[in-house]
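What TrEMBL records for this protein:
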{"type": "DOMAIN", "residues": "49-749", "note": "domain 'Myosin motor'"}
{"type": "BINDING", "residues": "Gly146, Glu147, Ser148, Gly149, Ala150, Gly151, Lys152, Thr153", "note": "ATP binding site"}
{"type": "REGION", "residues": "607-629", "note": "region 'Actin-binding'"}
Amino acid sequence: MNSADHRGNRNGMGTVQETSKRIGFSSQFLNESLDEDVQFFLTEEGKLHTYDDLTKVNPVTPSTVLKCLQARYSAKLFYTHAGCTLVALNPFQSIPYLYSLDVMEEYHCTPQFHESKPHIFIVAEEAYRNVKGQLEPVNQSLVVSGESGAGKTWSSRCLMKYYATVATSSSVATSQNTVERIEGRVLDSNPIMEAFGNACTLRNNNSSRFGKYIQLQLDRCHLLVGASVQTYLLEKTRVAFQPTGERNFHIFYQMMKGSSTEQKKEWNVFDGQSFVWLPNANKTLEEDCFDETLGAMGHLGINTEQQRDIFRILAGILHLGNVGFSSPSEDSQTCDLEEHSKEYLQNAAELLGVAAEELENCLRVRTLKAGNQSVLKPCSRTECFVRRDCLAKVIYAEIFEWLVSFINTSICTNSSAWTNFIGILDVYGFECFQTNNLEQLCINYANEKLQQHFVSHYLKAQQEEYVSEGLEWSFVKYQDNQGCLNLIEGAPMSVFSLLNEESRLNRTSDAQMFRVRLEKELSDNGSISWDRFSQEPHFTVAHYAGNVNYQIQGMVEKNKDPVPQELINMLQKSNNNLLQKIFAKIEEQTTKGLNKVTVVSKFKNSLENLMRILHSTTPHYTRCIKPNQDCKPLTFKKEEVIMQLEACGIVETIHISAAGFPIRIPLENFILRYGLIIKYSKLKSAHNCWDSGIVNVKKHVEMLLTVVLEQDDSSPQFKDGKWTSLVHCGMTKVFLTQSMLDLLENRRKRILSQCAFTIQCCWLRHQLRKRIARRQSATLIQAVVRSWLVRKQVHQWNRAAAVIQKTWRKWRDLLKYLADSELDDAEDVATDDLPAITSIIRERGSVVLSSIPEPVTVHGWPMGLALASARSINLSLTATGFKKMVSLVAPLNMLSRRKEYKVETNQCTKELASIRAQPKGSIKLHCQRSPLLYADRYPDFQSGLTGFNEILLEKTL
Ligand SMILES: Nc1ncnc2c1ncn2[C@@H]1O[C@H](COP(=O)(O)OP(=O)(O)OP(=O)(O)O)[C@@H](O)[C@H]1O
């Protein structure tokens, strides 16, 4: 295989990202959302991290599942159940307490371990108890899948450590030592296989470049007595081609870093030497631990001689990688060894135990067989490189296979010693790169097979739940991926069969012709399509995890995986014991015609064997998820996670779940939310039953569902009497389809909006009534005030009228009196004759002034009256139409310092006291219109006047 073939393939970009771009499935899930209120009712968002099982998230949709996983990841809860599957989020940080012996013991010894927190040990323990506890123990399989770097190898290691711990924890008197040794060996197989089968890639520093199925064999006492390993599809091209930024298999770097000077000398390697097939050698990884690999090899029984052979071969491969060829021109049919390559070729030949000349010939000259005759044909430069790479790959692949079979002989016990097994399958996840070829087709085919197995298993698990809830089985038939599998492996025509046919014909294959053939034979299958505008020969397969575009160019050649016979012949003659032994076996297979088996046939066979084993066991699925591509701790990228959930089938499971009854609500919760439907139903009988509370919760629910569905005229299922396809009432839960939930929610909303409308109406009516009442009250108050004001006015008028009347009457009486008697007797006193006035007043009590003078001011009025500070007083004389009148008015309000007062005559007496109290300043008194004052009526006035020392008389009219 040409190095260039791979350039596009493993270009290091994340599988899932490319897949998603191509397929474009994920954003819809991220945006998918239910009515928030319903979501809250179904799953309280704040408590999402408490959901141990994704199927308990209500409703089971990709977006709720994603939110739940994110919440749990933030809460450092890395394991979550998803029904029969365990989802393991890679923490990307060491959490020693999570995998300690105490935790193992806890899960192993707790009787109700199911109720413990989700953990990889729950899966391990469940499988272990299944083997132990049943009358007829069933073998178990633990399938660990996920994309590169998601944690499959880590999880597999955890599972193995768990069994290596718990399966020997019981005291076994007789075989304890043997068991000890076996579990140690089983664990030691890991570093060896990782050293030879793992490499540093852009996605994972310790990426397994092969798939494996480890069978842990248990005896009657359920103790670990042996194991066997089956590997799949080693990425052998990595030996001769390493994508940019990636490395070769770890073992080469371990050798270079950890070997002794003698070993280096033996391998013709000196410090600082650079090998083309050893890129990024400066990168230091914890996996570069040669001593550990050597220790494990020794422990497993690979003796020093064998180890020496292995490392000589590997060193030979490294030297081979530095061998280059040059040709006089581009299209030249011959080529020569580059000058500087001769030493490397020499070293390679020596280390591989073959003659340098033979090696060079094998690489540069091809033997063509024509009947019994052989013809030698020089190879072009490109062909030489292909042959060189092919030699390296076949040697490495065979060494790896030898190691695996050695490990198997070392850890496997004879079949009579074990009765059951627990298998751990660590396989590649679904792959979709920019350029996909046969490797991806095989990997994705394996994933399709596993998905089919998973779906059938999941459906079974779901059915079991329905049965336990007392539901009739009415599951909507799920469209499985059989169509896609028929396309890839089916008979008589499929991609594999056509590939094999093309490989068998052994003609120079033309990609365009193969594409036409595929289209002609397989276009009936809905899982294959072609991009009509693409120039490159290709075909697109609709996998369960999305569409993948496969390039046809080079596919047939890869399927043939030809190894030139000259190379094999040469290696069979190697003086390296191991190489000779390995390739002698290949000679046998060639004789038997076994090496004619194509890559896809071999892979299909091994996968079928695997599926047979899986079908005979109880499977347990662990889906490892890589929360971010940068391998950062505690970073959860939603887009990347949803794509992986999609690619590993969790979303598919969710879809299957959605095809049945994805929403499960406990009966009590159901009544709490939808009970109002029955309360407001027009169905009187239901209403009465409801109110009387005579029926149990399940009956309530059934009644409620009847009410809902009877009223839903648009429900064809009900019309047909088949509404069980919408909803089922189980023993403890109601199982609903999304459409039934929508129906219930709509009904609930309608009732709630009716209630809201009623409340609004009541409120408006109440407001209106309040407004009217307020208006009426205002009118009444206005009327009352107006009438009160009128009454007040009238009352005032009455009082005024009474005063007027009274005054008038007094006036009339006075007039009458004056007219009748006194006026005739009155003495005429001049107004300025104050002593006379005073004496008259003293004498008679009153005085009548004879004339009204012009306003006069009399200072020092000798009335003998004295008031300490008051210096003037203003008395007003009121002239009337009558003869002579004087008003000696002293209406006095002396409390303030006003100088002028208008007072009523009738206030005189009251105010006099005040004059005395406040006699300061000059005081003017106005007596307005006071007709007359009878001094005799006011004795106080008399006495009051005695306080004045100055009086101002003033005519005011
Ligand atoms: N549970 C875990 N706790 C801590 N670190 C982990 C855990 N799981 C995985 N990791 C880290 O993630 C890295 C990648 O994991 P692992 O090698 O198991 O991935 P993988 O799925 O086997 O990848 P590949 O398919 O490339 O082999 C590990 O080297 C380890 O650092």
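Quick reminder: no glycine exception, Cβ is built from N, Cα and C everywhere.
Unlike curated entries, TrEMBL annotations are predicted automatically.
Using the Cβ center of Gly146, Glu147, Ser148, Gly149, Ala150, Gly151, Lys152, Thr153 for ATP, the list of other same-chain residues with Cβ within 8 Å runs, in sequence order, Asn90, Trp154, Asn204, Gly429, Cys624, Lys626. Looking only at the region 'Actin-binding' (607-629), the predicted model's pLDDT averages out at 91. Cβ neighbours within 10 Å of Lys152 (ATP binding site), excluding its own Cβ and spanning all shown chains: 30. Listed in sequence order, Asn90, Arg203, Asn204, Ser207, Lys626, Cys631 are the same-chain residues at least 6 apart in sequence whose CB falls under 8 Å from the CB of Gly149 (ATP binding site).
For the recorded site, Ala150 (ATP binding site), the DSSP three-state label reads coil. Taking H, G and I as helix, E and B as strand and the rest as coil, DSSP gives the region 'Actin-binding' (607-629) the counts 9 helix, 8 strand, 6 coil. Shown in sequence order, Ala88, Asn90, Gly429, Cys624, Ile625, Lys626, Gln644 are the residues of the chain, 6+ apart in sequence, with a C-beta less than 8 angstroms from the C-beta of Ala150 (ATP binding site).
For Gly151 (ATP binding site), the same-chain residues lying six or more positions away in sequence with a CB closer than 8 A to its CB are Ala88, Asn90, Cys624, Lys626.
Taking a C-beta cut-off of under 8 angstroms and a sequence separation of 6 or more, Thr153 (ATP binding site) has the following same-chain neighbours: Glu194, Asn198, Asn206, Ser208, Asp426.
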